[in-house]
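Participant: If you scroll down you'll find the structure; I have some questions about it.
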Amino acid sequence: NMWAQTWHDRLDDVIPYPDAPLINITKVLIEKKFSIHQLYTMGESFFTSIGLYPMTPKFWARSLFKKPIDRNVVCHGSASDMGYHDDYRVEICTEINDDYFYTVHHEMGHIEYYMAYSEKQPFVYRGGANSGFHEAIGDTIGMFAISPASKFFLSFRGAPAIIPPYSIR
C-alpha cells in the first residue's frame, strides 16, 4: 500500500522452499495456551535478545492490548510515542493467531524505533525521516518473527524447531 505496509503478502514470491510446509503458528499458540500477554513478552524477549530496549513500565500500564468490552475503539494496530518521559504505547485488539503474532512484533518494532530516537533527540526528529522506512523495519521484524528460523519455533519443545529445508547447512 502507499505506506509500504503489508510486505508479508509478497512471501509467496520469495519463499526459498515453496513446497516445504510451514508451521501453523495459530495452532501452536492455541495448543500451548498462549495468552495475549505472552505474545507481547515474547516480542519483548526478541528485541532484548538482539540488544534493543525492553518495553517501559508505561508501555505495559497504558497500552491497549485487547478490545475493551465497555466501549468502541479503533482496532487497527498502531504504535505511538506520546512524547513524554518514556511513554510509548500500542493499541491492538489482540487475538491469539498468526496475524496478531506478526502484528505484535511489527508494532513493537515501531516502539523500538521511537525509543532509539528518543535519546538526546528533539521531538521533531523522533518520527523517522520516511514512514516507508519505518514500515519496512516493522515488516522485516514481523516477517522474521513468523519465519521458520525465528526464536518462536526454537522456544517450543516437541514442536518442530526448523523445518529441514530451512536449516543452515
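Count begins at 1; order follows the chain as displayed.
Heads up, the Cβ atoms here are built off N, Cα and C, so glycines get one too.
From TrEMBL, here are the annotated features:
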ACT_SITE  Glu107  active site, proton acceptor 2
BINDING   His106, His110, Glu135  Zn(2+) 1 binding site
BINDING   His106, His110, Glu135  Zn(2+) 2 binding site
DISULFID  Cys75-Cys93  disulfide bond
Participant: Give me the CA-CA distance between the residue listed as 'active site, proton acceptor 2' and Cys93 (disulfide bond), in Å, as a whole number.
Facilitator: 12
Participant: Quick one: pull the CA-CA distance for Glu135 (Zn(2+) 1 binding site) versus Cys93 (disulfide bond), whole Å only.
Facilitator: 20
Participant: Which chain-mates of His106 (Zn(2+) 1 binding site) that are at least 6 residues away have a CB under 8 A from its CB, listed by sequence?
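Facilitator: Correct list: Gly77, Gly138, Asp139, Ile141, Gly142.
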Participant: What count of other C-beta atoms do you get within 10 angstroms of the C-beta of Glu107 (active site, proton acceptor 2), across all chains shown?
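Facilitator: 25, counting other Cβ atoms within 10 Å of Glu107 (active site, proton acceptor 2).
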Participant: Sort out the sequence-distant neighbours of His110 (Zn(2+) 1 binding site) for me: same chain, 6+ apart, CB within less than 8 Å of its CB, listed by position.
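Facilitator: Within the chain, His110 (Zn(2+) 1 binding site) has Cβ neighbours under 8 Å at Ala79, His134, Ile137, Gly138.
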Participant: Please give me the CB contact count at 10 A for Glu135 (Zn(2+) 1 binding site), counting all chains in the structure.
Facilitator: 20
Participant: Please work out the number of neighbouring Cβ atoms within 10 Å of the Cβ of Cys93 (disulfide bond), leaving out its own Cβ.
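Facilitator: That number is 16.
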